[in-house]
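Quick look at what TrEMBL annotates:
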DOMAIN    10-126  domain 'Response regulatory'
MOD_RES   ASP59  4-aspartylphosphate
DOMAIN    140-238  domain 'OmpR/PhoB-type'
DNA_BIND  140-238  DNA-binding region
Amino acid sequence: MGQEAQAKPLILVYSEDVDFYLFLDHVFQAEHLATHLSVDLDETLQSAVERKPDAILMDCRTRAISAPEVCAPLKLDARTKGIPVIALMDQGAERDYVDLIKCGIEDTFIRPVWPAKLIERVRSMLDRGRSINGAQTSIVVAMCYADLEMNLSTYRVRRADRTIHLSPTEFKLLRHFLEHPEQVVTREELHSAAWKDNVHVGPRTVDVHVGRLRKALGSAPDQELIRTIRSVGYALTVNPADDTTIAK
């Protein structure tokens with residue numbers, strides 16, 4: 001029985017929430033993945049060195065320090081920097097996203113996250129690791145919100161397991177929305193994100209492209225992710241069309 005446990009890929013989980021860990025453990029065990037819990041950051045680094053996990057899942061909901069500070073030690077240590085790391089963040093912590101990418105985190109999820117999507121991402125990391133026999137792999141960065149997923153390495157977008165085909169401009173617009181979820185973004189910000197400085201387009205052109213992006217993402221009106229904020233711009237949000245629920 002011990003040999004079977006060792007044969008399973010090992011996922012090291014850092015979380016201060018034991019109940020959340022037990023939920024993750026149940027999900028991973030059902031997929032024949034072993035887990036080990038660490039409730040302390042120093043212990044996490046030590047466990048990563050000693051146990052050599054196949055991937056690390058960092059629950060960054062601690063109030064003490066920011067998500068990048070939680071994850072950075074693993075990528076700064078030569079003994080652990082090659083281990084894929086997934087960071088889980090609460091809504092409202094999205095501003096840490098860029099810093100997480102800078103410190104080398106392979107993937108981020110905004111909670112709540114679908115267990116099936118998390119398993120899919122972990123499996124993808126494990127498969128890449130096996131295919132290169134332990135050699136250093138290039139970082140694959142994915143941005144996720146609700147049932148929407150953007151892979152920045154392959155330029156692929158999926159929603160609820162459906163592939164979305166976008167133009168380069170629409171892709172840039174969606175990336176900007178994903179970098180600022182639950183926040184109002186102005187037409188001027190979208191213009192800067194999707195067009196070069198020397199390309200002059202008016203607000204109406206921005207509106208047209210956002211409309212095309214909405215159409216490409218599909219779904220029923222009550223499930224639209226991009227909402228118009230009157231007199232201001234747009235917001236990527238699962239909340240009802242209520243300006244008071246969105247950060248400005």
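Cβ coordinates come from backbone N, Cα and C, glycine included.
Remember, TrEMBL labels are computer predictions, not curated facts.
Predicted-model confidence for the DNA-binding region (140-238) is 87, expressed as mean pLDDT. Helix, strand and coil residue tallies for the DNA-binding region (140-238), in that order: 38 helix, 27 strand, 34 coil [DSSP].
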